[in-house]
Structure formats: C-alpha cells, structure tokens
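Written out below as structure tokens is the structure these notes cover.
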Amino acid sequence: MLRKISLLLLPVFVAINLVHSSPEIMKNLSNNFGKAMDQCKDELSLPDSVVADLYNFWKDDYVMTDRLAGCAINCLATKLDVVDPDGNLHHGNAKDFAMKHGADETMAQQLVDIIHGCEKSAPPNDDKCMKTIDVAMCFKKEIHKLNWVPNMDLVIGEVLAEV
C-alpha cells in the first residue's frame, strides 16, 4: 500500500511536459517513481503513518512533518539515482528521468530548477530526512502555484488498477 501511495510523490524529483496536460504528466511520473516503494518500505520498516503522509501530500493545506516520510522520499530518489550521495538533486539524472517518463526538455529543466531553488531556500538541517521534508513542502507550494497538481482521483484509480 505504501508503494502505491508513494506514487503520488514523483513530482518532488521530476518534471512536467507542456505538450500534455501537466497534471497528466505528474500522474505518469508519480506512477513510475513509486516502483521502488516496496523495497524502501521493507528497508526502512515504514509505519502506516507514512502512508497517510504520502497520501495527503498534494492537499493544498496539508503539512508533512513525519521524518520517516522524508526518509521514504530519500530512499526512492536514491534508488532512482536522482539524488547524489549527499541527498541533493542530481540535475542531469533527474532531468533524464523526467524526460524518460514524458516531460519535454524545457519542462524537465524547469522542475529541476524549482527543486534546486527549494534546496537552496530550505533551512540548514543535518538530518537528510527532515531536509527532504522542507524541500518537498517548498516544491509542493510551487507546483500548486503553477496549477500542476495531479488529479488524485486519477492517480488512485490507476494505483488500484495495478493491484
């Protein structure tokens, strides 16, 4: 279940395509991002509270605070090779991943730039998981400003269809 809910988080590390509907691309990217979630859930012994955090992430007024949710995002990003060993976005790999899953070059770069800006604006934190929470919340805010939030009904529908 956690793997399925994590599908909602791909946009934290990938981009959008102008040719297609941005929410549709976000949905596609989310579906691909979560493929490593079962491994991360097992490796980190993630509780159900993390599932709730990931499920609620895109709600406009929801604030994710559970450190383990940040750890889950880090695990996924590491498995997909979109972050460097320090936990920072690997610009080239993240852009390539986004383009592989439907984003055009311009939008992939735009999202990489947003994430990079969020990394720079997040307060210093030696805890990688909490730093990821700060970056993710900043990113979510920017995605809401652009009206690129994926349609949750469509995401959940596709997740359930895969079960």
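Backbone N, Cα and C atoms are what each Cβ position is placed from, and that goes for glycine too.
The signal peptide annotation in Swiss-Prot covers 1-21 and rests on experimental evidence. The disulfide bond annotation in Swiss-Prot covers C40-C75, C71-C129, C118-C138.
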Cβ density check for C118 (disulfide bond), other Cβ within 10 Å (all protein chains) comes to 20
Of the disulfide-bonded residues C40, C118, C138, the one whose Cα sits nearest to the Cα of C71 (disulfide bond) is C40
Smallest Cα-Cα separation from C40 (disulfide bond) among the disulfide-bonded residues C118, C129, C138 is shown by C129
Close in space but at least six residues away in sequence, with Cβ under 8 Å from that of C129 (disulfide bond), the same-chain residues are R67, L68, A69, G70, C71, N74
Whole-Å Cα distance, C138 (disulfide bond) to C75 (disulfide bond), is 19
